[in-house]
C-alpha cells in the first residue's frame, strides 16, 4: 500500500523482429490501507503536578501501511466539575524512543490518555491508560468562607477548604495576633500564636483571649507539596463586664434610719474601660427565696426614684458617677437627699428594708456590659406595738388555734383511711407475687400501656432472607474480621438475682467489663435467666438468622421472651416524691446501682437525680448514658449532666412529636439560650435526609472554658415499628463514631423513654465493634447485659430482629462510601477482572446489593393492587409500596388519588424525588 509504481509497455515481434524500446512510462501510486494496529506499550514515564510525559513502542510503515499518517494524543480530565477533552498531534514519530509531554493539566487529577493512529483510509487506537497527576500546593482558603463566632474570651473560627485543593489537604496552619483593643491597659505583645489542624478539621476554638480585642487570623492550607498562599481575616472579641471588687461583709460604714454610708471601690476593666458607676437601691419585699444557682442579674435600665412607684419597680438609681471620679476607694452616703447626674438620692424610709448595689458599666463597639455587687443591706426599724395591736393579735391567735384543731382532726381521719387502703394493697401485692412470670410482666407493663412501644409480629418485619436464595453466600470482606470460636457471656451482679449462680470461666470473653457494686439485699422479683447463648461467628451470621426466622420467626420469639421484663433491680431514688416529676414514664426509670448522679445543688434536696443510667461499651466501662428525652422540668438537669460528664456527643433517636404526642422537649436553642448557669449557642446545623447534625458551643458560668458539643439527631425512624431497612441507621452510627472525640466522656443516647430505640442504637454500636475486633457477635447477651443496667432496653421483639438484620447488612456490605476525589480511580479498580474468578469487584458488590434488598410483599403494595388501580400500572411486577406513595389531591375522592410513583430521598432532603413510570 501507498507505493509508487512505474508502468511501461514494450512491443515484441516474433522471429527476427525482436523487442522494441519501452514506450512512455506511466507513474501511479497504490492507495493506503488501514493501519495494522494502534500504538502499543503506552506508558507514563514522568508525572508532575501540571504535566505528564508518555512514551510508546516505535512503529514504521509495516504498521501504518501509509507514508502519510497522524499520531494524535487524546486525553480527558476533570476540572471545575466539568470533563475536559483535548487532542494534540505528536510529531515525534520517527524517533527510536518516541515520547510526548502533555502540559497545562491540573494537579492531583485523573487523566485518561490514549493514542490514535490515523491515515486517509482508517484509524486505530491504543489501549487507554489512567494516570493521576502529582500534587501541588493548594490555592488559598476562600476569604468569604472564614467565619468567626465571637465570645468574651474565645473565638470559634470556621473556614472551608480551598476551591482548588491540588491534592489531599494534610494540614491547616492558623497564626493569630492581637492588633488592637478597646482597653488601653491590655498588653497586646503576648497575644499571638500558631495552631496546626488536621486536614479534615476546618474549625478551631481559640481560648484565653482578651475581651474587647481585635485579632488577626491568617490561614493557609498544605498538601504533601507544601503550604499554599495565606489569607487573613479579623474578628473582635466581645467586651466583658467590669470585675467588681469583693465585699466580704455586706455591712455599711455607718447607718441611720434614713441613710447608709458605704465604701465605693473602683472596678477592674475587662476589654473596655469603665464608663460609669451607679448606685442602685432595691426595696426588699417579701418574695420567694432565690435559688443559689440563679445568676445575679444587674440593673441595665436606669429608673429614677420619681418613676419607681409608677412603674411598680422595686429598685431605683440613687446616683451615677463618671468613671474618672472613682479612682480609689471612697465613702458615699445613700439617702443624703442630693442629686447625682440627674438621679435623686432620696432619704431611705425607716420602716422598709433595702439592699444597696454598686454597679459598673463598660460601653464599646455598640455593646454595654454591667456587673454589680451588693455592698450593704438595711433592715426596717423596729418599734413597740400599741395595746390595741396586741389585743387584735391575741384574737387572731385564738382563731388560728381553732382552725388548726379542725385541720388536725381531718388529717387523722385521712391517715386512718390511707393505712387501711395500704394494707389491702399489700395483701394484693403479696398474692400477685405468687403468680407466674408472665402475669407479673403484664402487671408491670400495664402501669402505662399508652407510653410503651407496641411490639408487632415478626412476620411484619422485613427480612433479607425470606425471598432470596442465599445458600453458600459468604461475607463479602472476610479479611476485615478475625475469625474466633470463643463463646461470650456476661456477668450480672448476683446481689440482684438471687436465683442465678452462673460463673464466668477464664476462657470466655466478656462483652462488657464487669463492675463491682455494693452488696444489696436480694430483690423479691421473679427472674428467669434463660440459657446463656454462645457468640455467633460473623461467617455464620447469615445462616443463624435464616434459621431463627424459620417457622414464622419462632427462634427470635423464643429468644426474646426469655429476657426478663420489668424491674430487676432497686430504683428507690427514682421513686422518691421529689423525683417522680422528673420521670417521663412511670415504668421506665433509673436503677439505683447504675444511675447517673449529678453534682448536688446546695439547698435542693435530691438534686442529684436524673433519669439516666450508665451503660458499658465494648471493653469501655460507662461508655454510654442511656436516658429519657428531656422534659421541660429536666432540661437544665440534662445540660448539667452533659457538662459534668464531659460529653462531646449527644445521640437523639426520636422526633419531638410523633403521632400527635410530645415525645421529647426541644432542649436546644435556635440561636443562644441560657439555662440558669449554662449557656448554649447553636453554631452550625447540617441537614441530611435521615438525620441532622447540630454543633453547639457550651459554657458554664465560672468555668472559664467553652466546649464544642455535637447532637446527632436521627429523624428517619418511623412513628410505628422499625425502619424498613437499616442502611440509614448504619450510616448514622458511622457518622457518630467518626465525629466523636476518642477521649471524651460518655456518649449520651436518648429516645423518648430511653429504652427501645436507645437500646437498638447502643447494641448495634457495640456489636459493630465486636465484629471488627473478634469476628463474632453476641446480640443476646449484649441485650441481657443492657437490661441489667436499665429497665426494658430493646423494648419489642421487632426491634430485636431489626438489630440482627442491621448487623448482618453491615457485615455483608461494609462501608461503601468513597471520597469524591477518588471516585474515578476507585471505579477503575472495581472494574478490573479477577483472572481466577473471572469476575470484578463491582459485579460482586451489585450481587450483594440484590441479595440484601428485600422483595416487596403483596401487603406492602395493597393500594397499588386495588382493582380500581390495576389499569394505572404499566407492569404489575413494578409497583410502589404504600409507605412511599405520593397521594394526589383530587376532587373525585379516594378513587383517583393513586399514581404509580414513589417518593425517594436525596442525600440532604427526604422525599426529594418522585420516581414514576412513563405515562
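Cβ atoms are placed via backbone N, Cα and C, with glycine included.
No curator has checked TrEMBL annotations; they are predicted automatically.
For reference, TrEMBL has these:
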REGION    13-32  region 'Disordered'
DOMAIN    38-136  domain 'Fibronectin type-III'
DOMAIN    137-243  domain 'Fibronectin type-III'
TRANSMEM  399-420  transmembrane segment
REGION    492-516  region 'Disordered'
COMPBIAS  492-515  compositional bias 'Polar residues'
DOMAIN    556-810  domain 'Tyrosine-protein phosphatase'
DOMAIN    727-801  domain 'Tyrosine specific protein phosphatases'
DOMAIN    842-919  domain 'Tyrosine-protein phosphatase'
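If you look at the region 'Disordered' (13-32), the same-chain residues 6 or more away from its ends with a CB under 8 A from one of its CBs are 1-7, 65-68, 119-121.
Taken residue by residue, the domain 'Fibronectin type-III' (137-243) breaks down under DSSP into 3 helix, 50 strand, 54 coil.
Residue counts for the region 'Disordered' (13-32) under DSSP (helix as H, G, I; strand as E, B; rest coil) come to 3 helix, 7 strand, 10 coil. Mean pLDDT for the domain 'Fibronectin type-III' (137-243) in the predicted structure: 92.
Per DSSP, the domain 'Tyrosine specific protein phosphatases' (727-801) is made up of 48 helix, 6 strand, 21 coil.
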